[in-house]
């Protein structure tokens, strides 16, 4: 006999893992899952299955269960609520004991919580909507290399959003031509330029050549403008060793910031790079390439607010967070919800903005949200109002598409931003008077006037796919 109390066979998950009377602990990691069970599967069983399969459970009773304390280690589905307006869809709340997770490892946390359970047959679909990271777990992470305040101090830039530009065409330029475009944009008044996320080290432009020409552009623009400038040098590579080699070379060149694609590169690589950046005084810009594969479907996958929280733990000083007004997906309330999760120290539960749990980040620095994708000078008042000062506004085509060239495109964006910040500080309503503010500024800035003329008809108006219930 394996053990006296052992009874072989399959038993319902809800007998062990559905515990509505459970009182959550301050140290538990809490998860809110949107569960769509298969027909005939009751929500209690579905919620319990999620808790089991993402913690200690498996499909049958095993005698080694008797060798440990399941009550101490199991995940528990402690609350279930139907989703309003949806048939057979439920929000299931699961509590995980902290001992299930390795300290300081987003990789391990995700392997458990969003691992095999997402392929589970009893569920038609499953989406992780939000996580509550307890302070005791948060304190095991370094988090962002520097954070918002240290970045402002390094750059000596206060009281306004920062301006960026992604260099286009994203692929095909030689390193010297690329560096020239960087110089022109920085010289015209931008704070940053950016490697596109898919610029790594391709045959037409090897990484080392790009780094050298971009560094030259930065130093030249700094000398001419008296402002600190940066270019997000993409260190993403095929191996962690190669990624670190690129980051080290960037530091040797004396540039202020590097960049990483954190989802395609992976959380382990990202956390290593973030640690290096803090130790060596480099800022870290994070691109979220591949996020929509994970977060765009409303009933399956993982919401971006979870990916944003994971990034704050893993480490990054900037992250792309949608624009609300440009060409890429992002509903206003939802976007502002995870923008607050990135920047603020303490965020109250607020279901109207998709925030399922109160989150306390204790001592973790904040992350600057980056608005990028299909934005131009006419969007500047809305962006300034929506995102406030602690943000990076990135105009790729909206700089390089200027009819007079790159530097005048940068001038137009800087003038528009300064005009919006000045108007806001004078108490004007950017939402209502935005167009007028831009028109007034364009009277004394021919560069802005030309930009206004080119983009006056451009709109990206489609319904957001991911909306609040």
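Backbone N, Cα and C atoms are what each Cβ position is placed from, and that goes for glycine too.
Look at residue 7 (N6,N6,N6-trimethyllysine): DSSP puts it in coil. Annotation for residue 7 (N6,N6,N6-trimethyllysine): spatial neighbours 61, criterion Cβ-Cβ under 8 Å with sequence separation of six or more. The N6,N6,N6-trimethyllysine annotation in Swiss-Prot covers 7 and is backed by sequence analysis.
Annotation note: residue 116 (substrate binding site) sits in a helical segment as assigned by DSSP. For residue 116 (substrate binding site), the number of other Cβ atoms no farther than 10 Å from its own Cβ, over all displayed protein chains, is 11. Annotation comment: Swiss-Prot describes 116, 166, 170, 288, 320, 372 as substrate binding site.
Under 8 Å, Cβ to Cβ, and six or more positions away along its own chain, residue 168 (active site, proton acceptor) finds 196, 396, 397, 400. Annotated active site, proton acceptor per Swiss-Prot: 168 (among others), in sequence order.
Among the features that Swiss-Prot reports, N6-carboxylysine is placed at 194, with the record citing sequence analysis. Residue 194 (N6-carboxylysine) is surrounded by 28 other CB atoms, counting those within 10 A of its CB over all protein chains shown.
Marked as Mg(2+) binding site by Swiss-Prot on the basis of sequence analysis: 194, 196, 197.
Residues or ranges marked as active site, proton acceptor by Swiss-Prot: 287 (among others). Following the DSSP three-state reduction, the secondary structure of residue 287 (active site, proton acceptor) is strand. Around residue 287 (active site, proton acceptor), taking its Cβ as the centre, 28 other Cβ atoms fall within 10 Å, counting all chains.
Annotation source Swiss-Prot lists site 'Transition state stabilizer' at 327, citing sequence analysis.
For residue 194 (N6-carboxylysine), the nearest neighbour among the recorded positions 166, 287, 372, judged by Cα separation, is 166. Whole-number maximum of the Cα to Cα distances across the substrate-binding residues 116, 166, 170, 288, 320, 372: 37 angstrom. Neighbour counts were taken at the CB atom with a 10 A radius for the binding-site residues 196, 197; the maximum falls on 197. Across the structure, residue 197 (Mg(2+) binding site) and residue 287 (active site, proton acceptor) place their CA atoms 7 angstrom apart. For residue 170 (substrate binding site), the Cβ neighbour count at a 10 Å cut-off comes to 13, with all displayed protein chains included. Excluding 194, 196, 197, which define the Mg(2+) site, the same chain contributes 166, 167, 170, 195, 198, 199, 232, 234, 259, 287 within 8 Å (Cβ to the Cβ centroid), listed in sequence order.
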